[in-house]
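According to Swiss-Prot:
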- 23-43: transmembrane segment (TRANSMEM)
- 46-66: transmembrane segment (TRANSMEM)
- 99-119: transmembrane segment (TRANSMEM)
- 141-161: transmembrane segment (TRANSMEM)
- 163-183: transmembrane segment (TRANSMEM)
- 213-233: transmembrane segment (TRANSMEM)
- 234-254: transmembrane segment (TRANSMEM)
- 268-288: transmembrane segment (TRANSMEM)
Amino acid sequence: MEWSLTQNKLLAFHRLMRTDKPIGALLLLWPTLWALWVATPGVPQLWILAVFVAGVWLMRAAGCVVNDYADRKFDGHVKRTANRPLPSGAVTEKEARALFVVLVLISFLLVLTLNTMTILLSIAALALAWVYPFMKRYTHLPQVVLGAAFGWSIPMAFAAVSESVPLSCWLMFLANILWAVAYDTQYAMVDRDDDVKIGIKSTAILFGQYDKLIIGILQIGVLALMAIIGELNGLGWGYYWSIVVAGALFVYQQKLIANREREACFKAFMNNNYVGLVLFLGLAMSYWHF
């Protein structure tokens, strides 16, 4: 009986950290890899790569914990989130706080193996991860904060590799914010009706009938910024072809969200994993002289 209870608790922690749903970690991973490959340029040192990959999964898990902690009073009123570990009682508030601290401490121990500039930047990463979940109560632009949180690994990666944050770094950071606002608006379109009822704010609500148009403009901005980064760094044809493919994926997403159906909007959100992957493969091909 005791093992059963322990096993159930571990499964609840597993669900709370979303380790059963890797899409969020992947959307955080791809920009991190973009930055590491451009900053190096090429393949980064194995230890730095390992620290950032592990950090992505740990901090994404920590972000999910604090997000559910912040939303614990709201999630029970939304059909999609009512069975999450905190509102369902599978995990207590005290356990959630302890889990968050453990995940952050492990992440920070990894960062301590890097240079001073990266360590200092990691403090801002923690602040963004903590602040984001509460923004949806006060502003219709929480997706912008999410983009900054998901993209802060970009200046950290540049700092870890070169102890500098050049123009390419900040252009990539901006591109990631635009991308995050676009894909998280698609995600927010799934819950828009529920969010309006319980007072949660989002760009999906703010954009209203112009949501598809604004998402399209943001996606064009992402492609333009990534093309500029390619020009600044002398990247090859493989990279530019990846931008073309990413553009085709964005067009497909526009088709999916055309009627604003929940399942289709969620499918469009999930499709962004391929956008990140394609752009990374383009970078890799360019540096490997394909």
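These residue numbers are counts, starting from 1, taken along the chain as shown.
Yeah, the Cβs are placed from backbone N, Cα and C, and that goes for glycine too.
Sequence-distant contacts of the transmembrane segment (23-43) (same chain, six or more residues past either end, CB-CB distance under 8 Å): 49, 52-53, 56-57, 59-61, 63-64, 150-151, 153-155, 157-158, 160-162, 168-169, 172, 176, 179-180, 183, 229, 233, 269-270, 272-273, 275-277, 279-280, 283-284, 287-288. For the transmembrane segment (141-161), the partner stretch with the most Cβ pairs below 8 Å, chosen from 46-66, 99-119, 213-233, 234-254, 268-288, is 46-66. Long-range contacts of the transmembrane segment (99-119) within the same chain, counting only residues at least 6 positions beyond its ends with a Cβ under 8 Å from a Cβ of the stretch, are 13, 16-17, 47-48, 51, 54-55, 58-59, 61-62, 65-66, 69, 91, 126, 156, 159-160, 163. For the transmembrane segment (46-66), the residues of the chain that approach it from at least six positions outside its boundaries are 16-19, 24-25, 28-29, 32, 36, 96, 99-100, 103-104, 106-107, 110-111, 113-114, 125, 129-130, 132-133, 149, 153, 156-157, 160-161, judged by C-beta separation under 8 angstroms.
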